[in-house]
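J.: Residues annotated as Zn(2+) binding site in TrEMBL: CYS295, CYS340, HIS341. Per TrEMBL, the feature region 'Disordered' maps to 1-20.
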Amino acid sequence: MSDRFFPNPMPEFVPETTPSTQQELQEAVTVTTGDSLHKLLSMPHIPLSERLKRASLDLKETIVMETWGITGQRVADFTLYCGLLGTAFLLFKSYNVTRNTNDLTLCSQIIKSCDAASLFSRDVTFICGRAGVCALGAVAAKHAGDDESLSVSVVSTVQGPVYVLINLPKDLPDELLYGRVGFLWACLFLNKHLGQGTIPSNHTATIVNAIIKNGRALGRKGKCPLMFEWYGEKYWGAAHGLAGIMHVLMDMELKPDELVDVRETLKHMIRNCFRSGNYPVSEEDNKRDALVHWCHGAPGVALTLVKAAKAFGDKEFLDAAIEAGEVVWSRGLLKRVGICHGISGNAYVFLSLYQLTGNAKYLYRAKAFACFLLDGAHNLISQGEMHGGDRPYSLFEGVGGMAYLFLDMVDPSQSKFPAYE
């Protein structure tokens, strides 16, 4: 398994140094060569966050050039996952951190191209479908004061994909990347940014009911209240399985018995995890304790367990999330850079645990993963020791996710795993 991850070289804790003068503070912020990982770990939050922000903004410029500039502004892949919408999402994040309106303007331009490219797509999720284009387009339009584009985007989301989705065949998957909950997440995104009720619950209730019905039907064949299949396999992870579906359902209006099913499904997962604290890929692949990714394994499950601890107030969820976090600390320095199955995504486990517990230990661990990337990711990728992703500038597989993480480290208390939390 060690070929999947780097041994964690970082101490359990490194105390921060305190600059005694303004000059020392400026020297700490200034980007220089030869910084050791330990030096980065000992930097106080303000200079380190400034350095991470500068690195992210520099990387953002490269990402825009590689995905938008040199392509002649053509859209080969419109999706958030590996396509141009991921670049737009990073620009929107950058705008929210820096308030640079140039980022918002470019974000809106890219979204318009993605809108045209996705017009006839049958994929309707936030991460891999047209709903992501419409939802992000609406929110960007609101920030830009573009009421006409805002109206078009919201109408497209409510009257288009919702209607199509409800009338699609019954074998439509329920998972996050391509299925029903992936569309529901787009609705949640709109309600969060445009106001509750933008997408009323009566527009989503039919979809929620279908998910619960499907989950119970398959769950009756086993020992878990809710169970789902994707291409014939009963996945557990965030991308295609139980963790991702439960994560979104906890934000929907559920009946009391449905809430019980969600809670007990998560408890079934906890009681059937590996002795290490990691989680199986699927019901069928339940012997191989190998993957520590957001998409499959402890990281994605941990984020859902943190949410369950908040939703249900049950210590069992908190304890399980902490245990999963230990797996990520010991085996989560993956030889990949992205957020789906890389170090950048795994860092969000510690940010989420920090927000839940207030324990500085988890903030340090998030900082440690970010510093590991800041210190060595580019060299490791260039030397072939770390995989930069099949789409190296994308949000979910490439350095786009690393840039997003660095921006989230500016204010860790407000960080959110992109398109999941």
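Glycine is treated like the rest: Cβ placed from N, Cα and C.
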J.: Among all chains shown, work out which of the binding-site residues CYS295, CYS340 has the most CB atoms within 10 A of its CB.
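T.: Of the binding-site residues CYS295, CYS340, the most buried by Cβ count within 10 Å is CYS340.
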J.: Going by DSSP, give the three-state secondary structure for HIS341 (Zn(2+) binding site).
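T.: The three-state answer is coil.
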J.: Could you tally the C-beta atoms, other than its own, that fall within 10 angstroms of the C-beta of HIS341 (Zn(2+) binding site)?
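T.: If we count other Cβ atoms within 10 Å of HIS341 (Zn(2+) binding site), we arrive at 26.
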J.: Take the region 'Disordered' (1-20) and count its residues per DSSP category (helix H/G/I, strand E/B, coil), listing them in that order.
T.: 3 helix, 1 strand, 16 coil
J.: Can you list, in sequence order, the residues of the same chain other than CYS295, CYS340, HIS341 whose CB lies within 8 Å of the CB centroid of the Zn(2+) site?
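T.: Everything else in range on the chain: ALA239, HIS293, TRP294, HIS296, GLY338, ILE339, GLY342, GLY345, PHE396, GLU397.
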